[in-house]
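Just passing along the structure, written as structure tokens.
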Amino acid sequence: MACLGFQRHKAQLNLATRTWPCTLLFFLLFIPVFCKAMHVAQPAVVLASSRGIASFVCEYASPGKATEVRVTVLRQADSQVTEVCAATYMMGNELTFLDDSICTGTSSGNQVNLTIQGLRAMDTGLYICKVELMYPPPYYLGIGNGTQIYVIDPEPCPDSDFLLWILAAVSSGLFFYSFLLTAVSLSKMLKKRSPLTTGVYVKMPPTEPECEKQFQPYFIPIN
């Protein structure tokens, strides 16, 4: 019985091995029928703001009138590709991402305006826009060439306490300098006045007034 079970398992493996090339050939032949390529354009380079916000536009050439669209933002760093955010929306409705997503966006016709927030220098990389026209059939898929987003971390602001200490030290230095300058000036003024005064008061006798000159008045007769 064990030998019979082993033979059945071996036969199933052989059957799966034989049908695998047929399955692969089926997908290669019929996937292009259900999935059609679509051109997606996006800017080549974007510089994030000092607050870590980067915005760019994804524009796709829609061959038909799609009513359901899915937008996905992929990040490629070195050889790794990770999904940043994704959203599915109906044409004419607002583009809404998840509440915890770092992405926001709006749609207008065949354009999707994307904004990525909370970026840091370590998030610098190639951000690829992937657009899928989900409904109605046929299914269209378009992948852009990517937007290189550069993020520069702002320089940290100096500590406010440290600035207060510097201000206090400068103020103290200026006060001490002004006090020293005033003391030196007063000392020089006192040294200049010391030779003029002995510091002893002597009562001097009053001087006799000069004799007043006697003038004889005279009259001029008038005829």
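Note: Cβ is positioned from N, Cα and C throughout, glycine not excepted.
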Which residue among Y140, Y201 does Swiss-Prot mark as phosphotyrosine?
Y201
Need the cross-check against Swiss-Prot: the disulphide partner of C58, picked from C3, C129, C157.
C129
Choose one of C35, C103: the cysteine that Swiss-Prot connects to C85 by a disulfide bond.
C103
Of the ranges 12-17, 114-119, 150-155, 216-221, which one does Swiss-Prot flag as region 'Homodimerization'?
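The listed stretch tagged region 'Homodimerization' in Swiss-Prot is 150-155.
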Pick from 21-25, 46-50, 181-185, 186-190: which stretch is listed in Swiss-Prot under region 'Homodimerization'?
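That would be 46-50, the stretch labelled region 'Homodimerization' in Swiss-Prot.
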Do you know which of 2-7, 122-127, 134-139 Swiss-Prot annotates as region 'Important for interaction with CD80 and CD86'?
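Spelled out, Swiss-Prot records region 'Important for interaction with CD80 and CD86' over residues 134-139, not the other listed ranges.
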For the domain 'Ig-like V-type' (39-140), jot down how many residues DSSP puts in helix, in strand and in coil.
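Going by DSSP assignments, the domain 'Ig-like V-type' (39-140) contains 3 helix, 58 strand, 41 coil.
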Run through the Cβ atoms and count how many others sit within 10 Å of the one on C58 (disulfide bond).
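Excluding its own Cβ, the number within 10 Å is 25.
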Sequence gap of 6 or more, Cβ distance under 8 Å: name the residues on the same chain that satisfy this around C129 (disulfide bond), in order along the sequence.
V40, Q42, F56, C58, V71, T72, V73, L74, V112, L114, I143, G144, G146, T147
